[in-house]
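Presented below is the structure to which this report refers.
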Amino acid sequence: MNIVILAAGTGKRMRSALPKVLHPLAGRPLLSHVIDTARTLQPSRLVVVVGHGAEQVQAAVAAPDVQFAVQAEQLGTGHAVRQALPLLDPAQPTLVLYGDVPLTRASTLQRLVDAARDGRYGILTVTLDDPTGYGRIVRDASGFVTRIVEQKDASPEELKIAEINTGIIVTPTAQLSMWLGALKNENAQGEYYLTDVVELAIEAGFEVVTSQPDEEWETLGVNSKAQLAELERIHQRNVADALLVDGVTLADPARVDVRGTLRCGRDVSIDVNCVFEGNVTLADNVTIGANCVIRNASVGAGTRIDAFTHIDGAELGANTVIGPYARLRPGAQLADEAHVGNFVEVKNAVIGHGSKANHLTYIGDADIGARVNIGAGTITCNYDGANKFRTVIEDDVFVGSDTQLVAPVRVGRGVTIAAGTTIWKDVAEGVLALNEKTQTAKSGYVRPVKKKS
């Protein structure tokens, strides 16, 4: 089977410099959703027709299995499909999809393909309560499809028809070439409509069959930011429903966004307003607090992530405790039972088993052993303005509050670092490290007093 995806439109109503098919739905371009669905049907040829912003669109979705045809002038859907003909296998049927219709299920498309076997012409239709703006399916007294009429060209009687054309078709490819060549642009838009091919198919004696999706939203397209927002909500609710079926507890299914792939174990609980981006894995018994953003991360079993935590490119072991208001940046690796608390930032660092950094700390480019306590206000000074250096803290170290570790530096096993210490040299095992300071008390000091107005 050939699959052609039309993605050449200008998308004027989007009011954006970004080509319409590249606007994101669930964090990925609209067109990428359509291509992924097309791939599940295992086509022999997959062709995307580009036009407006062609180079940008091609760069965004380029892949070994995707070919591109260019529609230099926007002369209608029939003209667009004609540009793809040289890339198609004439011996195989062709399925035509749209780059701005991202939610059509593969099962719906397969049903249409099956209905159109043996050289039939298949149309995906849907019956709407309000069909305004769509091409109507015109049938004869026996119920056979005779033609498709566009909204602007429809008679008052035809405008009453509720069954509409979605634009998605399956057609014999060899005949399609002839039919597209016979199209005329004698319509209100002066365009070559792909929908006019159905009349040519009927005239040629081909049987025209129809199929409908399980859900109306499968055929919804995007022509404005409002429609994009509507489809985003539909998609996210579908994702939430699937998570609920899999046993995930969602505090409010309407307030979770998955912009990638979220894999959950048993008894996972997710509070409101959480966003998951890229590839995220949550093992069994993970609890996510409200307003968290988690991107490209793996979270071990029994972990608790408290509210307002941001995690990006991190690996968390089992039974870790994160947040609230913590930030784990790319390269953060936490072993089992590690704690990273409020207003702690970890970047490109390993935190060992049972180690804790509970408050107001920056840990960057560091290797921290097991059972280490990092006091509040500790900073690893890893950057000299040109280069990054690592800090190594071995097992069972106690780091007092307000400590600075100037990398590159190593702190040996079992060291205790006094509060307010700056470490710029390696520290041997088991010692107390501190900066000698003299505390002075001055008598007779009078604190300034505000003047009364």
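Here the Cβ of each residue, glycine as well, is placed from N, Cα and C on the backbone.
Fair warning: this is a prediction, and the values are worked out from it, not measured in the lab.
Residues annotated as region 'Pyrophosphorylase' in Swiss-Prot: 1-225. Summarising the annotation, Swiss-Prot assigns UDP-N-acetyl-alpha-D-glucosamine binding site to 6-9, Lys20, Gln71, 76-77, 98-100, Gly135, Glu150, Asn165, Asn223, Arg329, Lys347, Tyr362, Asn373. The Mg(2+) binding site annotation in Swiss-Prot covers Asp100, Asn223 and rests on sequence analysis. Residues or ranges marked as region 'Linker' in Swiss-Prot: 226-246. The region 'N-acetyltransferase' annotation in Swiss-Prot covers 247-453. The feature active site, proton acceptor is assigned by Swiss-Prot to His359. The acetyl-CoA binding site feature in Swiss-Prot is assigned to Ala376, Asn382, Tyr383, Ser401, Ala419; the stated evidence is sequence analysis.
Feature map: annotations from Swiss-Prot on the structure.
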residue	record	Cβ contacts under 8 Å, 6 or more apart
Leu6	UDP-N-acetyl-alpha-D-glucosamine binding site	Val49, Thr77, Ala80, Val81, Val96, Leu97, Tyr98, Gly99
Gly9	UDP-N-acetyl-alpha-D-glucosamine binding site	Lys20, Val21, Gly51, His52, Gln74, Gly99, Asp100
Gly76	UDP-N-acetyl-alpha-D-glucosamine binding site	Asn185, Gln189, Glu191, Tyr192, Tyr193, Leu194
Glu150	UDP-N-acetyl-alpha-D-glucosamine binding site	Gly135, Asn187, Ala188, Gln189, Tyr193, Thr195
Asn223	Mg(2+) binding site	Gly11, Arg13, Met14, Lys20, Asp100
Arg329	UDP-N-acetyl-alpha-D-glucosamine binding site	Asp312, Gly313, Ala314, Glu345, Val346, Lys347, Asn348
His359	active site, proton acceptor	Gly341, Asn342, Phe343, Val344, Ala376, Gly377
Tyr383	acetyl-CoA binding site	Gly364, Phe389
Ser401	acetyl-CoA binding site	Gly375, Ala376, Gly377, Thr378, Ala419, Gly420
Which residues of the chain, 6 or more past the ends of the region 'Linker' (226-246), have a CB below 8 A from one of its CBs?
14, 23, 25-26, 30, 102-103, 217, 220, 253-254, 256-258, 262, 264, 270
Around Asn373 (UDP-N-acetyl-alpha-D-glucosamine binding site), how many other CB atoms lie within 10 A of its CB?
18
Cα-Cα separation of Asn373 (UDP-N-acetyl-alpha-D-glucosamine binding site) and Asn382 (acetyl-CoA binding site), in Å?
19
Check each residue in the chain of Asn382 (acetyl-CoA binding site) that is at least six apart in sequence and keep those whose C-beta is under 8 Å from its C-beta; list them in sequence order.
Gly364, Asp365, Ala366, Lys388, Phe389, Arg390, Thr391, Ala407
Could you break down the residues of the region 'Linker' (226-246) into DSSP helix, strand and coil, giving a count for each?
20 helix, 0 strand, 1 coil
Please identify which of Ala376, Ala419 has the densest Cβ environment, defined as other Cβ atoms within 10 Å, among these binding-site residues.
Ala376
Taking all residues of the region 'N-acetyltransferase' (247-453) together, what is their mean pLDDT?
97
With every protein chain in view, what's the tally of Cβ atoms within 10 Å of the Cβ of Asp100 (Mg(2+) binding site), excluding that atom itself?
25
Would you count the other C-beta atoms found within 10 angstroms of the C-beta of Gly99 (UDP-N-acetyl-alpha-D-glucosamine binding site) for me?
28
Rounded to a whole angstrom, what is the largest C-alpha distance between any two of the residues Ala376, Asn382, Tyr383, Ser401, Ala419 that the record assigns to acetyl-CoA?
22
